[in-house]
Amino acid sequence: MSNLARIAITGASGRMGRMLIETIGQSDKAEVTGAVERPGHDWIGQDLGLCLGGAETGVTVTDDAATAFAAADVVIDFTAPAATLGFASAAAETGTAHVIGTTGFTDEDLTALSAFGGDIAIVRAGNMSLGVNLLTQITKQVAAALGPDYDIEVVEAHHNRKVDAPSGTALMLGQAAADGRGVDLNEVSDRGRDGITGARKQGDIGFAVIRGGGIVGEHDVIFAGPGERLILRHIADDRGLFARGALTAALWTLGKAPGEYDMLDVLGL
Ligand SMILES: NC(=O)C1=CN([C@@H]2O[C@H](COP(=O)(O)OP(=O)(O)OC[C@H]3O[C@@H](n4cnc5c(N)ncnc54)[C@H](O)[C@@H]3O)[C@@H](O)[C@H]2O)C=CC1
Ligand SMILES: O=C(O)C1=N[C@H](C(=O)O)C[C@H](O)C1
């Protein structure tokens with residue numbers, strides 16, 4: 001019997017699904033034992049390896065999440081909010097830990113997800129990279145140090161296939177800035193400017209969004225103050241960055257008590 005952690009991948013054919021399968025394939029600590037796609041997808045019923053243009057793996061792509069999860073130690077899920085809510089319910093039923101990279105949740109979705117943290121270990125982060133999670137800590141520190149005459153703006157850029165905005169990462173950075181200032185992000189965030197907007201309101205945290213080409217993910221936190229600007233920047237060069245973070249999180253969940261965790265817990269930041 002193998003000592004490898006058994007991992008089920010949802011959204012197996014997606015950009016992140018493929019990257020996760022490649023990353024886990026190179027790991028000596030884990031193996032892909034399940035692959036889930038949405039009902040009606042071409043890959044359902046086919047061998048995962050053949051779908052990816054490689055050798056047969058013995059893993060059949062399925063739309064039956066519960067069966068795939070029951071045979072896994074942990075699920076890694078980068079799909080879409082509605083799908084992830086369903087997967088959290090299935091993972092809670094099968095007692096399988098759930099690593100969530102999906103972004104674009106509403107506050108109601110997040111409340112619903114929280115309930116499953118009573119049954120299983122859930123790690124959720126809008127960005128699984130070490131650099132961004134470190135940047136949230138730095139952003140909080142800088143926001144706490146600078147007064148309200150430093151305007152905070154979060155600018156993010158992503159590829160033209162991304163469906164949610166602002167990005168999960170931008171929201172993490174905005175939350176960190178709000179935490180640093182001791183304010184409620186919902187009360188100060190300015191997420192859409194168009195037309196005669198009036199002057200900027202002091203204390204707001206603004207978000208701006210760029211979509212184009214194949215940009216993997218870029219984030220700036222700008223502190224624009226009297227006579228100077230401080231800009232904190234993260235650039236992701238390669239999606240493998242997120243997949244490696246997700247695998248680290250998946251291995252970290254093994255033996256963990258039920259609860260809601262994030263990458264700061266995983267990385268010990
Ligand atoms: N937290 C992080 O570090 C990162 C998060 N993301 C997030 O991950 C998510 C996915 O991103 P991509 O892979 O670029 O998107 P994608 O569109 O390439 O892939 C999504 C996959 O999910 C599948 N899917 C959708 N509904 C499903 C269902 N009900 N059952 C099974 N499969 C289903 C789709 O068929 C598709 O294969 C997005 O929310 C994105 O923002 C992406 C990169 C890094
Ligand atoms: O959709 C993406 O691609 C990414 N999504 C995440 C986000 O919304 O922040 C993380 C990363 O920036 C790539």
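Glycine too: its Cβ is placed from the backbone N, Cα and C atoms.
Keep in mind that what you see is a predicted model, and the values were worked out from it rather than measured.
Look at TrEMBL and you will find 6-128 tagged as domain 'Dihydrodipicolinate reductase N-terminal'.
Every protein chain shown contributes to the tally, and the Cβ of R15 (NAD(+) binding site) ends up with 15 other Cβ atoms within 10 Å. What TrEMBL records for G11, A12, S13, G14, R15, M16, E37, G101, T102, T103, A125, G126, N127, M128 is NAD(+) binding site.
Sequence-distant neighbours of R38 (NADP(+) binding site): residues of the same chain at least 6 apart with a C-beta under 8 Å from its C-beta are G11, D63, A83. Taken from TrEMBL, the feature NADP(+) binding site covers R38.
As annotated by TrEMBL, domain 'Dihydrodipicolinate reductase C-terminal' applies to 131-267. As a whole-number mean, the pLDDT of the domain 'Dihydrodipicolinate reductase C-terminal' (131-267) in this prediction is 98.
Look at TrEMBL and you will find H158 tagged as active site, proton donor/acceptor. Look at H158 (active site, proton donor/acceptor): DSSP puts it in a strand. Non-local neighbourhood of H158 (active site, proton donor/acceptor): S167, I210, R211, I215, V216, G217, E218, each in the same chain, at least six residues away, with C-beta under 8 Å from its C-beta.
Feature annotation from TrEMBL assigns (S)-2,3,4,5-tetrahydrodipicolinate binding site to H159, G168, T169. Around the Cβ of H159 ((S)-2,3,4,5-tetrahydrodipicolinate binding site), the number of neighbouring Cβ atoms within 10 Å comes to 14.
For K162 (active site, proton donor), the same-chain residues 6+ apart in sequence whose C-beta sits under 8 angstroms from its C-beta are R211. Among the features that TrEMBL reports, active site, proton donor is placed at K162.
Among the binding-site residues R15, E37, N127, H159, the residues whose Cβ lies under 6 Å from any atom of ligand 1 are, in sequence order, R15, E37, N127. Checking the binding-site residues G11, R15, R38, T102 against ligand 2, none has a C-beta less than 6 Å from an atom of that molecule.
Within 10 Å of the C-beta of A125 (NAD(+) binding site) there are 27 other C-beta atoms, taking all protein chains into account.
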